[in-house]
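Written out below as structure tokens is the structure these notes cover.
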């Protein structure tokens, strides 16, 4: 049968049929009867439209080989044979220009003379049976149906056959020929029997047994049976007065719908209190890197070897001392912990063979910093369920904190460009389909805009730290393992670079559940003097550990080098998400893509190139107290990426709640801006839900202050 199809039909038709089958995951080599049926249907659609034109006087005419210069327009638009997206685009544009009702299913043709869509059917069964199936499926008075059979019969809506006798005879003759050719090869019987009816989904399938009982049990109040609930739903007119509808739904609801006007919304109330503090798992804008270019030392790529090599590039070490103590901690222990790291690194170098990993000695200072033996003893529930006054610990309410300016500075820094590239352009094979070509073009443009972005550095740093910590937590559960904080990048000249930010020492890590906590101490290099914004560093003990020579415009200057030390903790599930931070790139790329798609649909062509290469155009980036901030497309890419990265770095229940609840208010405000006259009820309750998430988290507080700027400017 496959050979017959390839001989019998025009190659273009065969190719279209193969494409259509592939789109539905069907194989022309296996489902050969279906292959033949699709080709036949395509050919009938093309023959239906062939030679039919509309002339200057809008009269329908038939031209088989006439004056090529005549001003003729095709009478039929062919929809069948296009890919789904394109086909719907054509249907939509016809509906928009002619005002014809949009069909529910894709039709085959559009007739510009009669102004109607046509559904063509070709059947191996009785024409009237097939006609009824088609009509039952499309359920539209507006779409005209025309059925042909291989026996020369036809049937059409209201016996209106659209075409002249001769054109239809051509189609019937061709179908008869196909049938004879098949029969002579012994293919007809199998082909005739393989036709399945139109698949229509029954509107009402009966529910019986357990499902029926469950349905009756789960009805809303005031409904006695599924039938009367169905009748109510079917008769429910969605437009009209909302209050009435609500009271119709339930006797308990009495919502007053208040119009939402420009004067309605008030700004969100941000909490008072001391300024909020840094709570990320590693330093961001304040981090300092010791690095080696073009690493080629022995054991290159083994973190401990790389770290020792980076440490050796710095010569300004000095006796460490505490410059900003941690309010609640035993600060000398932090100092001793750093001295221990230096001493143990020195010991490694004195050994003949450097080990691949380093477990720290379990000294008093590390046991204290890692909370060893601090956790209350776990008791099996069976042993204590009879205790009469068993209860959970009383926990204090979190203390409110106010928004501090450092978090906006952190965000601004994350949007900036660095002088290194943090991700490679993915080596992906040749594009096969045009859509892949557009996708990889977008990916390449986007990568070029964000590869040097500081937020991308944070992604790679986060992925590295979380991967290393999770590995060590599983591989060395009882050990206090020393984990270097490393990242890799390329310089402008394309040279490889390995960076060391500092070290982590992990505590005991018997992590059975996703939420079991592993404690760690982080020690990170920085040039930031903590005394400038002490509130930011509330959770840290900061040491001064050396002096660094920096090249500036006026020559070399010496700056003190600090070490930011703190106790921290994470869990398996947090590390798992940290390892997947690269998803932030994907999320922001998708946001940019939807902007490109919007442009492209207006211009009706792919706008990717223009979008990225038109440097003069500016785009809205965000709201600030000054109004809407605008910037280049690159700036938009980097801002969206930074938002996504900060959502990951500062993930918290407060952020989840704020995002979900503030979105509702945002949509209402946008509806007002679009003059949709929104109405609300219990707006106070919505404000309460949003504001209960504004406690002390720096990223949530910053988002809330941005939200207030948006409210101010959006509703001016």
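Cβ coordinates are placed from backbone N, Cα and C, and glycine is handled just like the others.
Summarising the annotation, Swiss-Prot assigns Mn(2+) 1 binding site to 41, 108, 119, 120. Here Swiss-Prot flags 80, 108 as Mn(2+) 2 binding site, drawing on sequence analysis. Residues annotated as motif 'Nuclear localization signal 1 (NLS1)' in Swiss-Prot: 124-139. Residues annotated as motif 'Nuclear localization signal 2 (NLS2)' in Swiss-Prot: 184-247.
In the predicted model, the motif 'Nuclear localization signal 1 (NLS1)' (124-139) has a mean pLDDT of 85. In the three-state DSSP scheme, residue 41 (Mn(2+) 1 binding site) is classed as helix. Put simply, of the binding-site residues 41, 108, 120, the one whose Cα is nearest the Cα of residue 80 (Mn(2+) 2 binding site) is 108. Counting Cβ atoms from all protein chains shown, residue 80 (Mn(2+) 2 binding site) has 22 others lying within 10 Å of its own Cβ. Secondary structure of the motif 'Nuclear localization signal 1 (NLS1)' (124-139), assigned with DSSP and counted as helix (H, G, I), strand (E, B) and coil, comes to 12 helix, 0 strand, 4 coil. Apart from the site residues 41, 108, 119, 120, the chain places the Cβ of 44, 45, 80, 107, 109, 118, 121, 122, 146 no farther than 8 Å from the centroid of the site's Cβ atoms, the recorded Mn(2+) 1 location. Reduced to three states, the DSSP call for residue 119 (Mn(2+) 1 binding site) is strand.
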